[in-house]
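Undergrad: Here it is, the structure, as structure tokens.
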Amino acid sequence: MDRRRWVPSTPVVTLLLLFMLFAPAPRLPSRNGESSEKSIKAEKRAFSEIKNATFLNIPERVEHSLTFPTEIWETRDGLFEEPVGKGDSHLNHTSVMTGNWNILPYPSFGKVSPNVTWHTTLRNIVMSQSGRFSANLYEYVDGNSDGISFVLNLENNNDTSVYHMTFHGDRVKPINVFLGSTDVTPNFGGVDVIPWLLKDSPYKDAPPLDGTEYFPLLQNRSLERIETRLQDAQTVGWSPLVFEEEEVTCSAFVFLHNKNTGLDKETLKAIENEFYHPQGVSTQKMPEVFVSGLVYSPDCNVAFTFSNTKGPRNFVLENHLVRFSSLYIFIVLSQIFVLLRQMRINSPSHVQRLSFLTIAMQAGLDAYIAIFFLSTNAVIEKGYLPFVSVAFLSLVPSVMFTMRYLALILRVQNSNMPPPAPRPVTNNSSNNNTNQSNASNENSPNAPSAANDNTETTTVNPPQEDDQPMTQHERDQRDWSAVCLRFYFIILVVCIASLYSAFWPVIYRFYFISALIFTSYSFWIPQIIQNVKQGTSRSFTWTYILGASVLRLYLPLAIFIDSELILGFPPKYFFALGLVLWMLFQVLVLLVQDTLGPRFFLPKKFFLSSPVYDYHPVIQQDDLEAFMRDANVCPICMQPIELVSTGSTLNPASMMVRRNYMLTPCHHLYHRQCLLQWMETRSICPVCRCHLPAV
């Protein structure tokens, strides 16, 4: 095959073009001298306003964002008045949590400001009255007031829409309160308003907290953020106080209140030290983070609350994933072991019966798992060693062993296929034959001289390289190149789709993952079809069938049962049970094919053109007179063979006895296991050397 003539496949080029065209690109603000000067002046003015302000003397830009309805103030005060419980709070609240939210109705609910566009997805979610959410809380420890980030993923009640909101702010340690806001805009104070979010409610005489006590601390934090924005304005020439996004959506504040752990600080510190610096010391289990919250958008006039939402600390979740991946290392090693056991049987008669698609699906599954663990390793720092180990070990069978086995299967099955049809005779070849006949006539003494006059002169073209038939080796190379191209193209498409599914609503993400899992774990279906087409039932060894079926269930069952904090959907026990039953069904079909024949479930009229030789005919003791003496002795092991007793041949006992012996077309009787073991390496009769049909 001339590889210089190879051109990229059309689907590959199309996919790359679509990816480049539709890949999200960040909107970069324009930079010029006027915009840079305007941005710097705006940030300096904001810095001066916050620095010279007091708790009671609120800047106009900030006060505009603090116009809250009565219901918001009352809900905030009720949130801060919740009991915090015994013990101390977590030293760091970085965690992952899931829970349910409910809207907070009030008279002006949903009245959007004139200059704000209500995001369609957010509006649909809020109008559903309630739903689920997942959130990541990040805390950056620094003195008495720690910086926080709160990433909130809102979902409606049927999980078909999702809206992402990111808040930044501060944690006030003495009162177990988190205060945050979305980004600053020209019409929204954002994080600059945080020092006044603890102001007294105008509708309540006795406030739950004294905001003046924590105002200096929060004011300094706001000044630090403004200084950072000022440096960015001097570098980039852009400030959120001057320029805003093309479409202004709902800006919002978040109020969070966390509960104590029931443990003292020394115990909490010991638990964290044991995680980051393991010494083998027995410690208590780290308590979960409990948070209640209120989210309010003054631009869109919407608010919702959530109560007692809990989730594990990040290092607890990371430790759980590390244990999972460490155990999965032994699972992958076991898969490699059973695969190598299977690859020992590489005789052409055995390889001919294997399904190419079954091995290809398992190789693709291993490659996808390796990419998945490598991607997860980029997020979880502590899991580097186990995650990379799993990725490497998953690539070992996919790249080294399975692909080599695929090449062997392809070569053997191609060699048993009929040769390609001959090329049709072209004009050049017919002209060549005419010229040859004319030349022979010229050499003949009896040929008429007029023949030379009437014969037209034709040009004899030399044989072209493309006209030469391809050898078997060239056909194998061509087919293998096509297989590799399709294999890696499918892996690329699935990986890109999986990447984009991370931003889909939970229900769509779950359906995508479920479809991917059930499709990938149908790898025995091609082998069942191969058995039916070839009329054979002895394919993979049962060690490999059972080992691959059981070991490969570990990862998908973990996804269905224990991935709420990672993939976002609650445990799906029904789907986990369905996957186990689906895998069990495939194995049972292979077992019954091995016992009752590969076409046991199909009528014989479908295969009249390709009948299958029956190695298990009914042979009774009375029929032995037709054979030679000692015909019921196996020639391989020299042990007697149990035959069907005289009587009915339809009872289950007689049918099972028939499966214990095999009669060849040359009328030689063997034990089933003896002949099958012989046929793993040879397809001839041990006695007379006649060819034996596949089992």
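The backbone N, Cα and C atoms fix where each Cβ goes, glycine too.
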Undergrad: Is it true that Swiss-Prot lists Val351 and Ala482 on the same side of the membrane?
TA: yes
Undergrad: Mind pulling out the one from 320-340, 354-374, 541-561, 573-593 with the most Cβ pairs under 8 angstroms to the transmembrane segment (487-507)?
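TA: Answer is 354-374, with the largest number of Cβ pairs below 8 Å.
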Undergrad: Tally of helix, strand and coil residues over the topological domain 'Cytoplasmic' (341-353) according to DSSP?
TA: 7 helix, 0 strand, 6 coil
Undergrad: Considering only Cβ pairs under 8 Å, which range in 320-340, 354-374, 383-403, 573-593 makes the most contacts with the transmembrane segment (510-530)?
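TA: Out of the listed stretches, 354-374 contacts the transmembrane segment (510-530) most.
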Undergrad: Using a Cβ cut-off of under 8 Å, list the residues of the same chain at least 6 residues beyond the topological domain 'Cytoplasmic' (341-353) that approach it.
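TA: Counting only partners 6 or more residues beyond its ends, the topological domain 'Cytoplasmic' (341-353) has Cβ contacts under 8 Å with 401, 405, 408-409, 412-413, 415-416, 530-531, 534, 536, 538-541, 543-544, 679-683, 694.
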Undergrad: DSSP on the topological domain 'Cytoplasmic' (531-540): how many residues come out helix, how many strand, how many coil?
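TA: For that range the per-state counts are 4 helix, 0 strand, 6 coil.
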Undergrad: Could you tell me what the rest of the chain brings near the topological domain 'Lumenal' (562-572), counting residues at least six beyond its ends with Cβ under 8 Å?
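TA: Contacts with the topological domain 'Lumenal' (562-572): 96, 98, 134, 153, 159, 311-312, 317, 321, 506-507, 509-510, 513-514.
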